[in-house]
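Following: one structure in structure tokens, then a few remarks.
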Amino acid sequence: MCGIVGMSSSTHPVAFDMYVGLWALQHRGKESAGMALSQEGEISRIGGMGEVPRAFRGLPLQDYTQRVAIGQVRYSTAGVSGSCNLQPVQGEFRGHDFFLVHNGNIVNVLELKEQLGGKGEDGENQVSDTVVISRLLSASPAEDFPTALADTARLLHGSFNLIALYRDTLYALVDSHGFHPLQIGRRGDDIFVSSESCVFDQLGGELVRDLRPGEIVVSEQGDWTTGQWCSVTDLKFDVFEWIYFLRPDTVVHDTEAGMARRHMGRMLANEHPADADIVVPIPDSANEAALGYYEQLMRSGSSAEFEPWALFRPHTVSRTFIEPVQAIRKQYIKLKFNPRRQLFKGRRVVLIDDSIVRGNTLEGIVGEVRAAGAKEVHVRITSPMYLFPDFYGIDTYREARGLIARNCGGCVQKIADTLRLDSLGYLSLHSTIHSVLKASGPASDFSKTSFYTGPFTGEYPAGQGDFASIV
């Protein structure tokens, strides 16, 4: 899962705006950050490893005068986490450079490499699928870039949101299922494309609309046009975006992520109430859901207290789930959460979390909470059991053997025993989807069949490709 941004202005440089936009998407990836800027043949590509402030440290952004740019914050799902896969990726088409950023995961990369005739075989398993896409674009026989981009998209299986920069023009494209968000916004004559609407808010702009499955948008000089690169589409928005990835203030398909999570918490309290003294969210992605859980308990007559800051989280440590290495994730967990002993001692606790994938975070927290003197530790999860690997934007396919629910044979009690819990409850898939629909406004495109649920059901609408043997 990555965050991608494109912007075009007819009046002023956009380097600093791009920096702000990428920072607003930091929660979607922190392995690297980069941007490419262009104006009348003057091209710059800057960035580096790490989070946004580190990646651009020491660079005089005010000196970059270009008015068109694309950028990405990366969470690697293919290829190594290294500078060789820093985006935007650069390529050449008809004698001119282009730059490309990508959010998603291509599942037929091996087949595509064969089609390319073995080009760039050195270290081939080290490069990202985005590099492969750029090679396909460069090799395209099409006469113009938008046709080459559309033709290339027809070769790809999996999930892909693409933004390209070619000859001072922005191109944005969404796969035929619309697995992940890509939105267009504006600020006066400035045009923005972003993974999430929070970018437009941070830049003083406004959301125009979501790109549709199979759509391609072309933007230049303060205007944009749109078309379809494929005629058969089927919206399957990744439900895990609502559970975890989206910022709570982001609005996608007329649905605010924070409100969807609030409804998840309420429905979870109906399905799995806990007899507890305090309700505690595991910050930050479970904050809204925990509030909803507490609200619903209160309606049923519970005397539990809501303690939203019982687990202290220093925000110098960011999301551990998107760390690329298991050992780093485990160390960060110890730094990330510290229980306030006076709030836990001698009390029955229900911890609210968004999901259990590997179990690293929860196992560490439960141990710390028990050490702080909790009398009982109950856990409630605002999503279904995570049983299957994901191939469309999260790297759990790399560590399918590490999925705790899979290792416990899908047995709730066995998972609870492994994590030393007094009880454990998961939100049903029906209620997860219903929560999103309940939060949706009148302009939403969602129905109960509009969601990709592979990690919970093992259903993959764009196929499994190279990873079929993992399931």
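Glycine too: its Cβ is placed from the backbone N, Cα and C atoms.
All TrEMBL annotations are machine predictions without curation.
Quick caveat, the model's predicted, so the values are computed rather than measured.
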Note to self: For the Mg(2+) site that TrEMBL describes with ASP353, ASP354, which of these is also annotated: SER285, SER300, SER423, SER428?
What the structure shows: SER285
Checklist line | Remaining residues near the recorded Mg(2+) site, that is with C-beta within 8 Å of the centroid of the site residues SER285, ASP353, ASP354 | finding: ILE243, TYR244, PRO281, ILE282, ALA286, ALA289, ILE352, SER355, ILE381, THR382
Checklist line | For SER285 (Mg(2+) binding site), the number of other Cβ atoms found within 10 Å of its own Cβ | finding: 23
Item checked: Greatest C-beta neighbour count within 10 angstroms, which of the binding-site residues ASP353, ASP354 -> ASP354
Checklist line | Number of other Cβ atoms within 10 Å of the Cβ of CYS2 (active site, nucleophile) across all protein chains | finding: 26
Item checked: Between CYS2 (active site, nucleophile) and ASP353 (Mg(2+) binding site), the C-alpha gap once rounded to whole angstrom -> 22
Note to self: Within the domain 'Glutamine amidotransferase type-2' (2-222), what mean pLDDT does the predicted structure show?
What the structure shows: 93
